[in-house]
Amino acid sequence: MHQLTLAEIARGLADKKFSSEELTKVLLARIAQLDPQLNSFISLTEDLALQQAKAADARRANGESGALLGAPIAHKDLFCTQGIRTSCGSKMLDNFKAPYDATVVAKLAAAGAVTLGKTNMDEFAMGSANESSYYGPVKNPWNQECVPGGSSGGSAAAVAARLLPAATATDTGGSIRQPAAFTNLTGLKPTYGRVSRWGMIAYASSLDQGGPLARTAEDCAILLQGMAGFDPQDSTSIDEPVPDYSAGLNGSLQGLRIGVPKEYFSAGLDPRIADLVMASVEELKKLGAVVKEISLPNMQHAIPAYYVIAPAEASSNLSRFDGVRFGYRCEDPKNLEDLYKRSRGEGFGPEVQRRIMVGAYALSAGYYDAYYLKAQKIRRLIKNDFMAAFNEVDIILGPTTPNPAWKLGAKNNDPVSEYLEDVYTITANLAGLPGLSMPAGFVDGLPVGVQLLAPYFQEGRLLNVAHQYQLNTDWHTRTPTGF
Ligand code: GLN
């Protein structure tokens, strides 16, 4: 039963082949048995899961239907869950039980999804390897000596290991797409404003966006349907109608114009990944797509701009964790200053402290213009590059990452080398565009992802292309040995 996708589960439940309660018990047992190897969960919510599963079964017995009714999922541990620890992967929030549900959590619960637990993540979503978590690193089910990617590494490892069919995740600079690539999953970062950020603990508010991680585009469509939509509680949520994503999966790719940016193929890209990217282009050409070389001339400035803007916003967002109102408080503070300093010094890990310092520096008087304002200008240039490209093509295709998953610990002493791995994903966040990563082959036994980018609110186009690709390839069906 653990091999079933969300779409297959929906059919099985509708056909009464099994109940949500039965499926939930199978998956909870599988998590108990296998997750100690991977460390993909921070908290399990067995009681809630069984209660939600029984309620979903009762709703089905009463004639209700719906693709998510009784479907088991998990939430990245930065989505607030009422009465349940919401740690954000940090000692700072190890003792924090959220007093309310995030909009995403509430919407999925209302659709009948069953929450099995909260997944491991980089501390405050800062990282590309899931090694900065207070709860320890997550291992990649494809090779347990390797990282699963980050910051949504727990969601990715759990879905890849078939502990559950799908999970929520968030993407500030690639944290849905990059772990999807490293673990052979399909992951979608929606347009900024498509999915509510209310109750999603903020890292960099102008970049953060929640989205689905699953094995197939078909399943991402189902999960995104449950997550997307206008939310008056999020001032950056956009009031645009949500299309029926599942209904859009079967559009023809005849005449689809794919742009492949020449800048993507510079030094730094593993040539074996470049070959797999071009093989995916060939596959899409067979389905009727036409391919064109395009240029994104400002791409080279994306990493420095992102690593100024994201820490700047983080330094502001994380100032609320001061040991006073909630979260970790140091023992026996001598005075208020000591309380602030030690609560933050002891509660935040080294990567978070590094980002707060970089961000506070970039925002300080005298440096603001030189760093933050400059980075914002670059951000606009990057957006303009995309707008120009989308006048010529319908979709942009390239690698999700320059390299496959690296060994645990390999980049611990060199944070910049880890930042450089985000080169293909961060531009979509800077521009606010939707992006999807889908499985496209293997290098040394490790999965490789291809990234598709589309114009604003064209999530449906991304899912359509990925679904058609997946109907004609079988990379996404490969399962890691032992799982
Ligand atoms: N790796 C990037 C960072 O560390 C992106 C993380 C994310 O998307 N949350 O900031």
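Cβ coordinates come from backbone N, Cα and C, glycine included.
What TrEMBL says about this one:
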type: DOMAIN; residues: 22-463; note: domain 'Amidase'
type: ACT_SITE; residues: Lys76; note: active site, charge relay system
type: ACT_SITE; residues: Ser151; note: active site, charge relay system
type: ACT_SITE; residues: Ser175; note: active site, acyl-ester intermediate
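TrEMBL feature annotations superimposed on the structure.
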residue : record                               : DSSP (3 states)
Lys76   : active site, charge relay system     : strand
Ser151  : active site, charge relay system     : coil
Ser175  : active site, acyl-ester intermediate : coil
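Here the Cα atom of Lys76 (active site, charge relay system) is found 9 Å from that of Ser151 (active site, charge relay system). Sequence-distant contacts of Ser151 (active site, charge relay system), defined by Cβ-Cβ distance under 8 angstroms and a gap of at least six in the same chain, are Gly89, Met121, Asp122, Ala125, Met126, Gly127, Ser128, Asn130, Ser132, Thr170, Thr172, Ser175, Pro179. Taking the Cβ of Lys76 (active site, charge relay system) as centre and 10 Å as the limit, one finds 31 other Cβ atoms among all the protein chains shown. Among the active-site residues listed (Lys76, Ser151, Ser175), Ser151, Ser175 have a CB atom closer than 6 Å to some atom of ligand 1, in sequence order.
Cβ neighbour count for Ser175 (active site, acyl-ester intermediate) (all protein chains, 10 Å cutoff from its Cβ): 36.
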